[in-house]
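Sequence annotations record features per position, and here TrEMBL assigns signal peptide to 1-19. Residues annotated as transmembrane segment in TrEMBL: 291-313, 357-381, 387-412, 424-448, 460-483, 514-537, 543-571, 583-602, 614-643.
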Amino acid sequence: MKWGVVITLCLINALSTECFYLPGLAPVNYCKREDEQATCKSEVKLYVNRLNTEESVIPYEYSHFDFCVPHDDSKSPVENLGQVVFGERIRPSPYKIQFMKNESCTVVCTKKYSDKNADDHLRLATLRRGISLNYKHHWIVDNMPVTTCFDTKDNRIYCTTGFQMGCYTRNRRSTCVPQIEEQDGLYIYNHVDLTITYHSGMKEEWGNKFGGNAGRIISVKVVPRSIDHKAGTCNLQNTEPLRLTKDRLSDSKSLEITYTYSVTFIQNNLVKWSSRWDYILESMPYTNIQWFSILNSLVIVLFLSGMVAMILLRTLYKDIARYNQIDNGEDAQEEFGWKLVHGDVFRPPRKGMLLSVLLGSGIQVFCMTLVTLAFACLGFLSPANRGALMTCAMVLYVLLGSPAGYVSARIYKSFGGEKWKSNVLLTSMLAPGIVFGLFFIMNIVLWAKGSSAAIPFSTLVGLLALWWLVSVPLTFVGAFFGFRKRAIEHPVRTNQIPRLIPEQTIYTQPLPGIIMGGVLPFGCIFIQLFFILNSIWSSQMYYMFGFLFLVFIILVITCAETTVLLCYFHLCAEDYHWWWRSYLTSGFTAFYLFLYCCHYFYTKLQIEDAASAFLYFGYTLIMVFLFNLLTGTIGFFACFWFIRKIYSVVKVD
Ligand SMILES: *[C@@H]1O[C@H](CO)[C@@H](O)[C@H](O)[C@H]1NC(C)=O
């Protein structure tokens, strides 16, 4: 019932962007002049975030490049854990904007580079490198990203967040606007035209006392330009672009880059504040494709699970009816199929310790994903709430140590395990240890590269503290309750002597089964995967959590069904080693995920340097590992439930 409500809400949410901002952030009212009570602000703050690019995985902080810095010591906004860990660095900027005050052409600062100074060469080289790798600025005004918009061929306006820091023309290939295509070289965008659209508050309760001098910001769009301003002044008439070439720095000549900006305020009362994100989200590509694909895979899944359920139920009923008939009738020596292995199905597996630890961690990941997605699709983690998604996921993971310890302990105890101390320790250390270890190695690389994504030492210590001081004790608590309970009772007794497994055909051998098992779940998610990878690597905003929740449910269903089906076939072939196999069957989906990530790397991203590639695959490995835990656990528990069910209905003497 409860889940029904959540799913319904999610669907509604996916359908309408209106209720997307349920508990959204409060609107900020701006006005020309602040009143005494300061119910509105006159200064519109512009923040700069880290720069990133599709051609490298390494983001850089704004101050990594030699741009203008603010003179006063204005403070950076407080960032949450998710933002810090994932490399966002929001800083104040020297661009000063007053509400409803147009600026025609204002100088921010002038940077001089002379040939004599080695430092200047270095700074210029950093700029050049950034431009040739297509690094993009990400500015933030009123908690909204600053966007660049352009017309597409089919007369639609397409807006993306951020804008390039410069452009280049090289071998007939150009990333510049047509005006500056003549000469090969690098051009820096040193001038920005900001257009701020606002909704006037004249007719609203909150704004009418200001008499049309108040409003709320709807959108901020930027058009970057490259202008060779002479002598540190702002001159928009000049159409000559500012080239950054080595010969500009010859002998007596020095290079000057003057950063300038203009601001235009435009009133637009047609757009409501609550729907101000729509223009960014709507111009995201492929929204329709996504609808189509999700419906498609939903239909396939419904159809498939209907079939699976029917086949399983019918054959099972027949089997059970026959078994029980034989029992009632003459002597019961004519046993066949899965009933034959009743004395072995619950024989504990080899490496039971590892399996139970993986299952415990898998439950942790599963619960974390479920709750995070539920929150996200209820609108708590909208893109306006920067970094909230990742913070939520991490905090949940830490808090969910208890279920992990509990599940791991119970499974381990039912395997007849005695080494409960190692079990708890491994559960609390293995999976987080692997993730943290990989993360730490990548952090060293980022650090060496001076990237903004390198997390500060204090945050690293904080993460360790979360793990050791919160997650580990919680796991111990969970494990304590798990071990105190009696071991799970199995419906049939296990024989003393293991049965011989007959020769298997190619289809029922372990490896082909495992490889086949992952195909179906992966097939259901891979279209969504494309968007998720885009949002991670191409800084495209991801907001369709309604879709994602649906896809997650589909994934759970397909994982469970394929594992149960294959499990049934294997038992019919009298092969009773199902514990590990059920885990690996659905867990193999992660391998396909890895292949897809490789494919994405080679086709979509243009990454060339080794450090970047290393980081990409490092993050991919973490993702694949967690995904393996998730899918493997789903498969295992589905199979476990299924086997307990079928062996509890047949009569065994
Ligand atoms: C700013 O410039 C725009 C466009 O030229 C104009 O429509 C608007 O009225 C100006 N705003 C102010 C406050 O001067």
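Glycine residues also receive a Cβ, built from the backbone N, Cα and C atoms like all the rest.
When Cβ distances are compared across the two stretches, the transmembrane segment (291-313) makes contact with the transmembrane segment (514-537), since 3 or more pairs at least 6 residues apart fall below 8 angstroms. Three or more CB pairs closer than 8 A are found between the transmembrane segment (543-571) and the transmembrane segment (614-643), so contact between the two stretches is assigned (pairs 6 or more residues apart). Most Cβ pairs under 8 A with the transmembrane segment (460-483) among the ranges 357-381, 387-412, 424-448, 583-602 are made by 387-412. Counting residues 6+ beyond its ends, the transmembrane segment (387-412) has Cβ neighbours under 8 Å at 79-86, 88, 352-353, 355-357, 359-361, 363-365, 367-369, 371-372, 375-376, 380-381, 420, 423-424, 427-428, 466-467, 470-483, 485, 487-488 in the same chain. Counting Cβ pairs under 8 Å to the transmembrane segment (424-448), the top-ranked stretch among 514-537, 583-602, 614-643 is 614-643.
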